[in-house]
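Engineer: Just lifted these from Swiss-Prot, have a look:
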type	residues	note
COMPBIAS	1-52	compositional bias 'Basic and acidic residues'
REGION	1-53	region 'Disordered'
REPEAT	119-140	repeat 'LRR 2'
REPEAT	142-164	repeat 'LRR 3'
REPEAT	165-186	repeat 'LRR 4'
REPEAT	211-232	repeat 'LRR 6'
REPEAT	234-255	repeat 'LRR 7'
REPEAT	257-278	repeat 'LRR 8'
REPEAT	280-302	repeat 'LRR 9'
REPEAT	327-348	repeat 'LRR 11'
REPEAT	375-395	repeat 'LRR 13'
REPEAT	421-443	repeat 'LRR 15'
REPEAT	444-465	repeat 'LRR 16'
REPEAT	513-535	repeat 'LRR 19'
């Protein structure tokens, strides 16, 4: 069994299985109706004739080699000439329009005649090639919205401080290395977008924008925020994600109207205690920082409905924190340093719908920890150090998705039968030797992943999983399959690669919806049942490294449709050809 060595490292994929599946999927479906020579090739194979191409056994490829030529680019907007832009300006003036849309016209320079359009309140210039704005834009004193995103602006003219009514300024995706000084003088601004520039600092003059409700400066290179941000008392959304912040000023606690605070993907080492003053906060993004703790005062943010602390250095939470956050329904503590569940007892999970504890160092799920978690539907414990499951495991009746992959589980309790709502069960990369008979009670199960365990057989009760669509048994020690597998008529994906199978049961022919079948690397599999020919939807089949001597190389090279046709002609189903 493999395990993650580094913090961001995913568990290894066994023996190239995932790569094989990727290659096989590239083949795509092969339609028998499109291949006029298919029957003759099968006939040649029966007579012992060799394919002149000399294709290797186990190599799948598409028979439909038609090259679809790309259509010439259509619908692209032509570069607007200066005359066309002037024409648009004239039309706007003549019609006395208050809205001018010059977006995506490949404009390099705005005509100075724009100064005459003093009536407009909205000007859209996004998606052009502007490197600067003419000072004459400052004449547009009635502007309320100015959209300049997706240009190449490096500065703004000082004349813009005449725009006393401007409420929304969009400067996303430009080449600004600083917030243009004139921006701080636009005191009527309520919305300011500066995302994806090259800004390194926010100046103290930010306090001159007291009406701001929305400030987005994400995806820049900002290392600190000024204390003056605390004077933005009307701020509702503050997005500073994807920057280089190590600390937040304590004055952030003065912004008590904030409901959405996004700080993810920074270098934050701590949070100020004053964050507890943000009593209206409903969304707090802290994932991918360097936090080793969160302040106890966070418990005052009782409106939080989502808390994501993924990929920090946190090993514990303040006792009672989660119990106080009664509206949190999604909690992500993945990729941290937890060695045990947070202290606080069952009440801390009473409102949780989704809990993600992936990639920590937890070796035990405490008995009764979810006794009050009546709405818990998704639990991700992947990549921890679990060796067993709690005795009350069978009481998790509301669980819909359960991921226990990459642990050290040696068995699944028989009372797994109590998980009557479960639809997705991931148990890959463990040490399981067998499955409990109770698995057959999971009647809603759609996906069951048991890859890379030590299974030697499957219980007959697996036949009761009538809704199962994906069954992954890759890299185990299976020698046979139960005949009841034929009852899984909704199955579309069946992974059996890297086992010790000696044969497939003829009941596999009843899997009428099967689309993907992986049999690769079964060294004892010498033949395929004729009944496989009945799987008419089969489009991906991986059989490399199987000694299937009864299949001629040219048939194997032809892909699933060739193999199915060959099996039909060889067996009792030739009348279907």
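Placed from the backbone N, Cα and C atoms, the Cβ positions cover glycine too.
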Engineer: Cβ under 8 Å, sequence separation of at least 6 from the ends of the repeat 'LRR 15' (421-443): give me the contacting residues as numbers and ranges.
Structural biologist: 1-3, 11, 377, 382, 397-415, 449-459, 461-467, 472
Engineer: Take the repeat 'LRR 4' (165-186) and find every residue of the same chain, 6 or more past its ends, with a Cβ under 8 Å from one of its Cβ atoms.
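Structural biologist: Here the qualifying positions are 121, 126, 141-159, 192-203, 205-206, 208-209, 216.
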Engineer: Which whole-number mean pLDDT does the model give the repeat 'LRR 15' (421-443)?
Structural biologist: 98
